[in-house]
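Report on the following structure.
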Amino acid sequence: MDGCLEASLSPLSIPEYVLGCSGRRMPLLGFGTAASPPVGSQLTKTAILQAIELGYRHFDTASLYGTEQPLGEAILEAIAVGLIKSRDELFITSKLWCSDAHGELVLPALQRSLKNLRLEYLDLYLIHWPVSSKPGIYEFPIKREDFLAMDFKAVWKAMEDCQRLGLTKSIGVSNFSCKKLGDILAFATIPPAVNQVELNPLWQQKKLREFCKANGILLTAYAPLGAQGTIWGSNRVLECELLKEIAKQKGKTVAQICLRWAYEQGIGILVKSFNKDRMKSNLEIFNWSLSQEDVKKINDIPQSRLCSGQDYISKYGPFNTTQELWDGEI
Ligand code: NAP
């Protein structure tokens, strides 16, 4: 896989990918911090500390999740107790929320995230969704009448300025279709390094994968296990009969089959578990492989989105339908 580096030394090391433009090394398996329903800061911090102890080095947060603060506290504690020597050993991603997705609000939003995280820089800052909302309102779900079309040029230029200022090492997007990525690429002076989207064996994003590969953008999977138990996901991935069959044959869990499959497809992965045993088993995917036959069977699974993005649809626009939000990629 282009840009992929096998990380050195410890058996728990996670392979890394060198991101375009910045040259930053991103661990290909990262730890998600969005719990649904949300859990308290203390539980989040404890889970993150356990994750660092187990070997996770890449953490995904967003201003929306309310997990920037506990992540920041966990990093300080991890340094204090000697789990890591410095923050530089970690790869930290956060995201710009819709109400801050206005040219002049991007830098202040990033500065707030950095303050919450008690960090001097992010490794990756993403536009969370390709839509803006009325400034100053931080409610979720966003009121239908509060959605606004994003001024992609102004917002992306402000993202580029953040990278030039050194406040984030790389920039990217999330929940962008091929069409919307193409719109950004048409004027970007720094192209997006990453597009973070739903991706799992039931929604494989084949078109977007090809587009991203051709344009040097690393596609990164959220909901790699189908986000079971959350308001945006379902148990369809973990309950898939074919995946259960492959897992049984290989003596692995269905979750490990999903994560290994995604890794073999050359994409980044973010997986969330606040349970120590599951956190650990989710990491155990790098010293075995799927057979070509298994991969073919998985690639042939009928496709449908689990996370439809319904919360971002409004009769007042800019996206009246999920067709418009995903530009027909549904
Ligand atoms: P996910 O990682 O596919 O699934 C998480 C759910 O699966 C949790 O309920 C977790 O419960 C459970 N789980 C984890 N490992 C398991 C295992 N081995 N066996 C059985 N169940 C397991 O979904 P996700 O949390 O939606 O995605 C991961 C991360 O991506 C998020 O945390 C967030 O950081 C990011 N994300 C981004 C966006 C975006 O719009 N950019 C959207 C959604 C998510 P336990 O904790 O109890 O183990």
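Using the three backbone atoms N, Cα and C, a Cβ is placed for every residue, glycine included.
Taken verbatim from TrEMBL:
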DOMAIN    29-301  domain 'NADP-dependent oxidoreductase'
ACT_SITE  TYR65  active site, proton donor
SITE      LYS95  site 'Lowers pKa of active site Tyr'
BINDING   HIS128  substrate binding site
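Following the DSSP three-state reduction, the secondary structure of LYS95 (site 'Lowers pKa of active site Tyr') is strand.
A simple way to gauge crowding: the CB of HIS128 (substrate binding site) has 20 other CB atoms within 10 angstroms, across all the protein chains here. In the three-state DSSP scheme, TYR65 (active site, proton donor) is classed as helix.
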